[in-house]
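> The following block contains the structure, expressed as structure tokens.
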Amino acid sequence: MNIFEHNIKNVDKGNVVAIVGTQWGDEGKGKIIDMLSKYSNITCRFNGGGNAGHTICVGNKKHALHLLPCGVLYENNVNVLGNCMVIHLKTLMKEINNLGNNILDRIYISEKAHILFDIHQEIDAMQETRKSKDGNAIGTTKKGIGPCYSTKASRIGIRMGSLRNFENFKKLYTKLIDNLMELYNIKDYNKEEELNEFYTYHQILKDKIINIMLYINKSIDAKKYILIEGANAAMLDIDLGTYPFVTSSSTTIGGVFSGLGIHHKKLNLVVGVVKSYLTRVGSGPFLTEQCNEIGDYLTKKGFEYGTTTNRPRRCGWLDLPMLYYVKYINCIDIINLTKLDVLSGLKEIYICIDYKNKTTGELLEKGSYPLEEEQLREYEPVYEKFEGWDEDITNCLEFDQLPEKAKKYVLAIESYIKTPIVWIGVGPTRDHTITRKFD
């Protein structure tokens with residue numbers, strides 16, 4: 001389905017579509033972004049860095065992308081790295097070289113994106129080790145994301161635009177690295193070697209670093225089809241997620257506008273990606289987590305290992321109060337439900353439909369969510385039980401081909417969140433997707 005050509009909610013068809021994860025990441029955003037990228041002219045990342053990971057299966061080949069938008073797999077697609085990204089250039093160049101096929105010709109990088117240096121990763125590892133000793137580890141990817149955003153907020157970071165003038169870049173680099181080495185008592189750091197690497201990056205990338213706000217807005221006015229790709233997910237948002245177990249950037253729809261420099265009225269459609277069960281990597285509260293054979297089953301059958309870290313993900317039942325909250329703050333128009341096939345073989349499946357206060361018995365107001373860990377401890381999940389199904393659904397091409405019990409599960413989710421589920425993932429590749437009609 002070419003979503004850009006579809007009229008939504010009786011409004012004129014639009015040319016700007018955003019994809020957001022609705023949980024703690026790893027929902028399967030990469031597949032739907034890949035599917036829609038073949039219709040778009042431009043695919044954009046607006047936030048985050050190499051801590052994000054999209055795995056895309058095309059035939060028998062797997063592509064793991066951490067910085068590049070998924071549109072790089074289509075030759076007709078220009079790919080943009082946005083203002084609010086933090087970019088480790090060694091990782092970026094490795095991805096570009098791995099893909100080949102003149103990928104660089106189709107990439108633009110925001111002059112306002114911040115550069116993530118190796119020292120940021122070193123600091124990240126030091127901080128996580130220290131927190132682990134205190135029992136307060138967040139479970140970061142140690143990719144340097146937090147420290148890089150910290151230097152950005154402290155106004156001592158270096159933006160991509162500075163790399164165009166290498167002599168000026170060297171001065172900024174020396175000042176930043178010396179500052180961080182002194183602050184974190186780092187004795188041994190090879191500045192000369194890293195500067196040599198960055199001179200190579202300067203030569204390769206200087207013409208790819210542009211004012212992407214102007215580029216995107218002119219493209220919107222020219223009626224180009226633009227796909228906006230969210231990294232991480234809503235519940236990891238620095239402000240609206242389960243703080244402090246979050247990432248360091250705005251991952252919700254509000255981050256799009258600063259991340260790309262576009263007006264909110266230019267966004268036509270928001271697609272929320274929902275995994276059929278729930279997963280989380282690292283520390284943090286997880287009310288529906290299943291630390292039992294069910295959790296083990298979901299981990300193994302769903303291949304729930306992090307794209308970036310390869311850590312096994314914590315698994316549990318789908319959480320609808322969380323999903324409704326995320327829908328509320330992102331104005332989600334339609335849903336892509338992923339990995340329904342993983343639930344095949346379970347005798348019983350549960351969905352959390354409410355949070356109940358352990359002391360008062362009161363139910364949480366729909367649309368709200370207790371984001372602090374102490375608040376969440378006051379609640380317990382209220383479940384609705386569904387009968388499972390044994391059938392292999394990976395060859396189902398239409399909704400009506402699904403087992404009745406699987407259809408009932410999908411429709412229950414749709415009824416609760418009052419948002420149409422348009423795509424249903426029933427297997428790993430882009431071909432394993434059911435598309436439903438919607439108005």
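Backbone N, Cα and C define each Cβ position, glycine as well.
The following feature annotations were taken from Swiss-Prot:
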{"type": "ACT_SITE", "residues": "Asp26", "note": "active site, proton acceptor"}
{"type": "ACT_SITE", "residues": "His54", "note": "active site, proton donor"}
{"type": "BINDING", "residues": "25-31, 53-55, Lys62, Thr307, Arg313, 339-341, 425-427", "note": "GTP binding site"}
{"type": "BINDING", "residues": "Asp26, Gly53", "note": "Mg(2+) binding site"}
{"type": "BINDING", "residues": "Asp26, Glu27, Gly28, Lys29, Asn51, Ala52, Gly53, His54, Thr141, Arg155, Asn232, Thr247, Arg311", "note": "IMP binding site"}
{"type": "BINDING", "residues": "Thr307, Thr308, Thr309, Asn310, Arg311, Pro312, Arg313", "note": "substrate binding site"}
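I'd like these features described in context: how deep, what's nearby, how far apart.
Contacts of Gly25 (GTP binding site) defined by a Cβ separation under 8 A and a same-chain sequence distance of 6+ are given as Ala52, Asn232, Ala233, Leu236, Val281, in order along the sequence. Look at Gly25 (GTP binding site): DSSP puts it in coil.
According to DSSP, Gly53 (Mg(2+) binding site) sits in a coil region rather than a helix or strand.
Sequence-distant neighbours of Arg311 (IMP binding site): residues of the same chain at least 6 apart with a C-beta under 8 Å from its C-beta are Val281, Gly282, Tyr305.
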> Between Gly28 (GTP binding site) and Asn51 (IMP binding site), how many Å separate their Cα atoms?
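For Gly28 (GTP binding site) versus Asn51 (IMP binding site), the Cα atoms are 15 Å apart.
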> Would you say which of the binding-site residues Pro312, Gly427 has the most Cβ atoms within 10 Å of its own Cβ?
Gly427
> Whole-number answer please: how many Å between the C-alpha atoms of Asp341 (GTP binding site) and Thr141 (IMP binding site)?
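Distance (Cα to Cα, whole Å): 28 Å.
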> Taking Cα atoms as reference points, which of the recorded positions Asp26, Thr309, Pro312 is nearest to Gly427 (GTP binding site)?
Asp26
